[in-house]
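Novice: Quick paste from Swiss-Prot:
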BINDING   D37, S86, D467, H468  Mn(2+) 2 binding site
ACT_SITE  S86  active site
BINDING   H147, R177, D178, R210, R216, R284, A285, D286, R287, K359  substrate binding site
BINDING   D426, H430, H485  Mn(2+) 1 binding site
Amino acid sequence: MFVALGAQIYRQYFGRRGMAMANNSSVANKVCLIVIDGWGVSEDPYGNAILNAQTPVMDKLCSGNWAQIEAHGLHVGLPEGLMGNSEVGHLNIGAGRVIYQDIVRINLAVKNNKFVTNESLVDACDRAKNGNGRLHLAGLVSDGGVHSHIDHMFALVKAIKELGVPELYLHFYGDGRDTSPNSGVGFLEQTLEFLEKTTGYGKLATVVGRYYAMDRDNRWERINVAYEAMIGGVGETSDEAGVVEVVRKRYAADETDEFLKPIILQGEKGRVQNDDTIIFFDYRADRMREISAAMGMDRYKDCNSKLAHPSNLQVYGMTQYKAEFPFKSLFPPASNKNVLAEWLAEQKVSQFHCAETEKYAHVTFFFNGGLEKQFEGEERCLVPSPKVATYDLQPEMSAAGVADKMIEQLEAGTHPFIMCNFAPPDMVGHTGVYEAAVKACEATDIAIGRIYEATQKHGYSLMVTADHGNAEKMKAPDGGKHTAHTCYRVPLTLSHPGFKFVDPADRHPALCDVAPTVLAIMGLPQPAEMTGVSIVQKI
């Protein structure tokens with residue numbers, strides 16, 4: 001009841017906003033974009049709910065004017081080979097550019113040796129060189145890849161050495177959650193080898209488990225353990241020759257990487273002191289907020305430490321840990337200016353976005369570039385998802401309801417751009433129930449068919465794509481359920497007879513090319529921020 005009422009309010013209020021646009025007649029062609037969730041292209045019939053379903057509409061659309069486009073890995077800003085997902089898919093579709101995830105941006109900087117020219121890193125090194133000559137690196141040292149990566153730390157050490165900072169101290173946070181509990185000693189050995197032999201630069205200053213250094217639940221008594229180790233040397237003392245053995249003894253006492261109590265090296269020199277510079281190198285923000293705020297802001301007071309807080313510290317983060325933090329970051333948030341929704345508003349072209357509850361955020365927040373903002377002339381419609389325990393029990397979900405709302409808009413002709421998401425192939429695909437996924441695909445095809453007929457009747461060009469694969473692989477090789485996304489390409493279809501698809505010159509087309517293609521069909525200019533390309537040309 002509440003969701004339905006919310007949808008009604010959205011329609012009433014935002015419908016008026018949509019009607020306020022004045023330049024809708026400027027478009028060459030009106031476009032209806034459908035994003036199917038979890039519809040990949042695979043010719044393998046085994047466990048393929050899409051191929052084995054009765055889908056005459058999509059069969060027709062994918063036998064005429066269509067293309068297969070990439071929706072996974074580096075093509076959408078994810079690590080190479082990683083399957084796509086709904087959030088990233090809609091970000092790329094709506095942004096008209098590849099939206100690189102932080103780990104990928106950093107990996108590319110490492111690969112291309114860009115750290116030495118990174119503006120914030122250069123700034124941190126200049127501060128250290130022009131001050132007391134001391135710089136600290138602190139973060140999680142492992143190859144877990146969830147919060148940080150050891151390769152990023154190694155690249156930072158090399159760059160800082162090249163940038164000429166006299167003294168570098170490393171504060172090693174043990175993992176044991178995203179890696180095996182006793183694997184830290186191996187990362188410690190790699191680190192010592194790297195500092196002592198590979199670069200001959202930098203000193204290991206402290207070792208402490210992430211349980212203490214990376215708390216995120218306001219357990220400041222935990223943060224205080226790492227804080228006092230870093231500023232005051234509170235912990236068990238050791239040196240480079242003995243620290244590995246200290247950790248092994250901790251393992252023997254059932255103290256694993258995550259829970260390592262502080263081990264202190266370098267004496268007073270390795271402590272965070274007045275006027276020092278600190279770089280935290282975790283790229284995931286949530287577990288860096290407390291320790292960085294304790295060092296660089298007045299949150300050290302929450303630690304209730306009796307030690308004097310060092311004065312004039314300057315903190316930098318690998319990424320932006322919180323918008324209101326005063327720290328510079330090596331990789332600040334990328335600008336998503338002039339995504340498709342914003343650009344249409346700039347062009348005075350109104351638009352309509354529709355989805356059922358499960359995917360409503362994807363056609364609003366994610367499609368709009370990760371912004372909550374609703375642009376001028378943008379109308380939104382929420383269709384309630386069915387209230388069932390699992391969606392295999394109602395595999396059609398609310399596809400018919402979404403189609404109803406889209407057809408209403410096509411008949412009204414108010415908005416030159418309308419788009420929607422169909423959730424069933426993905427949401428039912430995740431249940432692993434093959435027969436239900438077949439029904440989900442068939443229900444989606446019926447809904448698309450109804451919309452297709454309405455676009456033909458009311459003068460809209462229909463485009464159909466997907467955000468990632470899923471329902472085309474419902475069975476694992478051993479016959480068990482496959483419930484994850486896939487790396488298969490997805491379709492992009494176009495019903496307009498005046499355009500044909502062409503491949504970009506230097507790469508395979510991807511989700512980032514959808515928005516530029518929409519603009520080309522509508523006869524609108526493409527903003528400079530969109531680095532995707534239109535993959536159609538006029539016939």
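The backbone N, Cα and C atoms fix where each Cβ goes, and this holds for glycine too.
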Novice: Could you say which of the binding-site residues D37, D178, D467 has its Cβ with the most other Cβ atoms inside 10 Å?
Specialist: D467
Novice: Of all the binding-site residues given, H147, R216, H430, H468, H485, which residue's CB has the most CB neighbours within 10 A?
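Specialist: It comes out as H468.
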Novice: Between H147 (substrate binding site) and D467 (Mn(2+) 2 binding site), find the distance joining the two CA atoms and give it rounded to the nearest Å.
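Specialist: The separation of the Cα atoms works out to 26 Å.
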Novice: Quick check: of the binding-site residues listed here (D37, S86, D467, H468, H485), which one has the Cα closest to that of D178 (substrate binding site)?
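Specialist: Comparing Cα positions, the candidate nearest D178 (substrate binding site) turns out to be H485.
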Novice: Relative to the mean position of the Cβ atoms of D426, H430, H485, the recorded Mn(2+) 1 site, which additional same-chain residues have Cβ within 8 Å?
Specialist: D37, G38, S86, P425, M427, G429, H468, N470, A471, T483, A484
Novice: Which binding-site residues (R216, A285, R287, H430) fall within 10 Å of S86 (Mn(2+) 2 binding site) by Cα distance?
Specialist: none
Novice: Please list residues from the chain of R287 (substrate binding site) whose Cβ is under 8 angstroms from its Cβ, counting only those at least six apart in sequence.
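Specialist: The list for R287 (substrate binding site) reads H147, R210, M214, D215, R216, given in order along the sequence.
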Novice: Sorted by position, what residues of the same chain at least six away from D426 (Mn(2+) 1 binding site) have a C-beta under 8 A from it?
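Specialist: Residues satisfying the criterion: D37, G38, S86, D467, H468, N470, A471, H485.
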Novice: From the Cα of H430 (Mn(2+) 1 binding site) across to the Cα of A285 (substrate binding site), what is the distance in angstrom?
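Specialist: Answer for this pair: 28 Å between alpha carbons.
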Novice: State the count of C-beta atoms found within 10 angstroms of the C-beta of S86 (Mn(2+) 2 binding site), not counting that atom itself.
Specialist: 24
Novice: Whose Cβ lies within 8 Å of the mean position of the Cβ atoms of D37, S86, D467, H468, the Mn(2+) 2 site, other than those residues?
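Specialist: Apart from the listed residues, the neighbours are V35, I36, G38, A71, G84, N85, G89, H90, H362, D426, A466, N470, H485.
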Novice: If you pair up every Cα among H147, R177, D178, R210, R216, R284, A285, D286, R287, K359, the residues annotated as binding substrate, what's the maximum separation in angstrom, rounded to an integer?
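Specialist: Greatest Cα-Cα span of the listed binding residues: 35 Å.
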